[in-house]
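Asks: Sharing the record's features from TrEMBL:
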REPEAT    4-87  repeat 'Solcar'
REPEAT    95-205  repeat 'Solcar'
REPEAT    214-303  repeat 'Solcar'
TRANSMEM  283-306  transmembrane segment
């Protein structure tokens, strides 16, 4: 049932995000740093420096936004894919690869309604620590180079998602929350086109009977493989999206007017390999995230809970 699908998608999203959020934070910071302003050399270096400067919970900056919005995002994505697969199938027959890809395209298009504002807010909060650390480093260098010495840099108050939302709505209206919508579509639609057909076909390999669900470990591994493959495939689009959605820049970092301008500047100033920044982090995030999502979704926790309600009432 649709309520069960929505609950399953929400539960899967909450569990998955909680497990992998620190890696996602490292991915955002690695993607946003530009040549000449490198604060981190790798995912582990980023996480170690984050813990030292911001504490353990610094790795979860922006997690509240994700945990709040991941439930509708995952619910829309999984339910929409099922909806399109159902309506694209002919008399219950097996979907062709093209129809599976079309169903994934529809799911990816639907989810950006929630994904774009969620990613916008999350990126600001995740990257705030990198920008603050860069400013602190620059101030320390200026202090050392100054004969008279410089005053201690003021400690900046942490910005919250609510403050960012209010400011964007006040200055730019609802369109402010949808900055980078085109880049989000450019990432999420191809991701879903690759992910859903690949998962469906991998999962079928573990089914002994077409009418019986595959074992949970098959769904988990299928979700991991399909998720990581799709994540790496669309990583260049994710780099562009992250750069476009960042409202604050570090010292001497480029600003971008759109997708083409961003692509051109990254290619010219940082080289083609810059489009793979954070790719392994993204694979590490997406693999367990979608593996967990598919296990929860296909086990059907919501169905069990909904079935228990009448018994409890009785």
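Residue 1 is the first one shown; counting continues down the chain.
Backbone N, Cα and C atoms are what each Cβ position is placed from, and that goes for glycine too.
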Asks: For the repeat 'Solcar' (214-303), provide the mean pLDDT of the predicted model.
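Replies: Mean model confidence (pLDDT) across the repeat 'Solcar' (214-303) is 86.
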Asks: Within the repeat 'Solcar' (4-87), count helix residues (DSSP H, G, I), strand residues (E, B) and coil residues, in that order.
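Replies: Result for the repeat 'Solcar' (4-87), in helix, strand, coil order: 71 helix, 0 strand, 13 coil.
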